[in-house]
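> Below is a structure I'd like to ask you about.
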Amino acid sequence: MNGKTIILANPRGFCAGVDRAISIVERALEEFGAPVYVRHEVVHNKFVVDNLREKGAVFIEDLAEVPPGATLVYSAHGVSKAVQQEAAERGFRVFDATCPLVTKVHKEVARLDAQDCEIIMIGHKGHAEVEGTMGQLAPGKMLLVETVGDVAKLEVRNPDKLAYVSQTTLSVDETKDIIAALNARFPNIRNPHKEDICYATTNRQTAVKELAEQCDIVIVVGSPNSSNSNRLREVAASRGIDAYMVDNASYLQRTWFEGKSKVGVTAGASAPEVLVREVLATIRGWGHETVREGGGAEESIVFVLPKELRREGETKPDLCKR
């Protein structure tokens, strides 16, 4: 043995929301046959999307591309009220694969709006989840904040009737800084009853921080358009080590590992384990022979499928436990 080691982060890869979203598309294809139309990539991973496309899924952005009476699935990121209304008017058979933790944020937005609160959204402009959440209200009713610097530029109607929500896949540390800035500028701003950043995002970022303390380099398996995968790479890099994100093993470069004795490997919440295994095989082939699993939070959450797609014996759990 040469002492060169690969340490696998735990937890890593698929979260409950991603697992549910993929299963909804697969079950819809089994029940109703191809094509099944999916509004936006169901999750942000090229391997997953290509695999579903081969099975008969058709990924679209505009509902005008969907024929009357077709089966339509909303992506895990959620959709706006306008998209929901158009789908209803056109009579599609709709299955909502929105992550339940994103749906929780949508419900919070509706509750706050009913109380006449102006709402600030912490998130990345253009991300599908942000568009879906901000689209729960009429255009212009929510304010978007991406950085601490944006907080100083905010113009609000009434600082005493103000609240915020956030995208579920953000950097935990950066979001804390933005929240601190919001609370400093608007002391009466309402905070969510429960943090909006999801358990999977938090757990994976915590695990990669621990990984970065033990390793000389961290590899994150994830697609370029995956928000949570990008945040994992950034978190690792912020610890002062080399960190790279790869869609699959073919993107690895042997020179990255020269002089590195300990390699950390993790995967974004939308990246399947098969891609992790391919990355491991490649790195092992370059001389890092030992592989061990890191410790970390155990995840046992399972999100139920829509009742129309459940099989016999699949029941709705009373509670989703971590």
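The first residue you see is number 1, and the count goes up from there.
Using N, Cα and C of the backbone, Cβ positions are placed for all residues, glycine too.
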> For the dimethylallyl diphosphate site that Swiss-Prot assigns to H44, H127, S226, S227, N228, S270, which of H77, H106 is also named?
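Answer per Swiss-Prot: H77.
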> Looking only at Cβ atoms, how many others are within 10 Å of the one on C198 ([4Fe-4S] cluster binding site)?
25
> Can you grab the distance from H77 (isopentenyl diphosphate binding site) over to E129 (active site, proton donor)? Cα atoms, rounded to a whole Å.
4
> With a radius of 8 angstroms around the mean position of the C-beta atoms of H44, H77, H127, T168, S226, S227, N228, S270, what other residues of the same chain does the (2E)-4-hydroxy-3-methylbut-2-enyl diphosphate site pick up?
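For the (2E)-4-hydroxy-3-methylbut-2-enyl diphosphate site the neighbour list reads V43, A128, E129, T169, N225, S229, G268, A269.
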> Using the centroid of the Cβ atoms of C15, C99, C198 as reference, list every other same-chain residue with Cβ within 8 Å of it (recorded [4Fe-4S] cluster site), in sequence order.
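Output for this site, in sequence order: A16, G17, V18, A76, P100, L101, V102, T168, T169, Y199, A200, T201, A269.
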> Just how spread out is the (2E)-4-hydroxy-3-methylbut-2-enyl diphosphate site if you go by the largest Cα to Cα distance in Å among H44, H77, H127, T168, S226, S227, N228, S270?
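So the binding residues stretch over 15 Å, Cα to Cα.
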> What is the Cβ neighbour count of S270 (isopentenyl diphosphate binding site) at a 10 Å cut-off, with all protein chains included?
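S270 (isopentenyl diphosphate binding site) is surrounded by 31 other Cβ atoms within 10 Å.
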